[in-house]
Amino acid sequence: MIQGERLWQRLMELGEVGKQPSGGVTRLSFTAEERRAKDLVASYMREAGLFVYEDAAGNLIGRKEGTNPDATVVLVGSHLDSVYNGGCFDGPLGVLAGVEVVQTMNEHGVVTHHPIEVVAFTDEEGARFRFGMIGSRAMAGTLPPEALECRDAEGISLAEAMKQAGLDPDRLPQAARKPGTVKAYVELHIEQGRVLEEAGLPVGIVTGIAGLIWVKFTIAGPAEHAGATPMSLRRDPMAAAAQIIIVIEEEARRTGTTVGTVGQLHVYPGGINVIPERVEFVLDLRDLKAEVRDQVWKAIAVRAETIAKERNVRLTTERLQEMAPVLCSEVVKQAAERACKQLGYPPFWLPSGAAHDGVQLAPICPIGMIFVRSQDGVSHSPAEWSTKEDCAVGAEVLYHTVWQLAQGE
């Protein structure tokens, strides 16, 4: 039933908004590029027969009424913002597939008991203000007031950017949904990994979203001459950092489920011929079970302290962020499982290592996700790609999942 070609054409058209010379997409929140993207998607929503509006957080919403307009709403969507020089599938696939689902329903005269709303959430990525999931936090009523003071690289605060975009930060609480008004939230998203590709499958059903902790390590010692300081006398923070990073890899591997990453490292003063006086790096540690993740962190912390003592360097750690894992709803997973079977695809279960808006919505409603195969597992890159055929399959599974949820009492 889904028109895969229409979905693909819209994905490609939206991918031109914010396109960079590299071929990547930069579409940050509350910018002209995001406004153009919202306007384009709003036109798709109207074409699909939806009532279109934006809430106080700037979330773009298209509503299809149900036979009972007072029934709880089924939400389906994702986000339109991107990272710097990202891809054109991360986020937009979920929004545009949601539009395709309700447009297909309307074109075939399909009515549902529950209303359906397609949502394009504001600033999921957090690339501009280094604080993400603003729209979904606002909808859940959990956006902290201090988030409005987060600033971008040019010193513009989130509150100022909202005002520039025509929004009133003081009205943000109005975006919160009342308890008991949302039946479920379903999101179609690219996997951003290689699990489905290795399994040879176009789609998978997400079991849960991993919880993360970010920990900043600072290791300090004396800055000394690289040539004049014998190896036996060195107190080298860089060598200690390298050893600790190997420990992170070792401890994460032990569980079979935990992932540990150091993707950011700064060395001071940064001279070729200077033993560093300070090294800073940030650990990203994730697991679907908080207790497993926390056990891994404790093991890393103990071994890191031992390394620091043995090397006679100073070690401090600071927890920057923590996010609890969220398990997907059995009701949503079962609906997605039935959809896969109906379409002839074996149900394949996998966790999401990346965070998504559903994490924020979980306190107010059951959530679920469907993944589409990513080519080579690449994401947050101009090389991000999922095939037209896989996107269409994902949209079909989404259609049958949403239909089940919207028909039930």
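In case you wondered, yes, glycine gets a Cβ from its N, Cα and C as well.
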Co-listed divalent metal cation 1-binding residue [Swiss-Prot; alongside His79, His189] among Asp70, Asp90: Asp90
Listed in Swiss-Prot for the N-carbamoyl-L-alpha-amino acid site shared with Gln192, Asn273, Arg286, Ala355, one of His225, His400: His225
For the divalent metal cation 1 site built from His79, Asp90, His189, further residues of that chain with CB within 8 A of the site's CB center: Ser78, Phe89, Gly91, Pro92, Leu93, Gly94, Glu124, Glu187, Ile190, His356
All-chain count of other Cβ atoms within 10 Å of His380 (divalent metal cation 2 binding site): 18
Distance from Asp90 (divalent metal cation 1 binding site) back to Gln192 (N-carbamoyl-L-alpha-amino acid binding site), taken between C-alpha atoms, in Å: 8
Number of other Cβ atoms within 10 Å of the Cβ of Asp90 (divalent metal cation 1 binding site) across all protein chains: 26
Residues of the region 'Involved in dimerization' (208-325) by DSSP state, where helix covers H, G and I: 44 helix, 46 strand, 28 coil
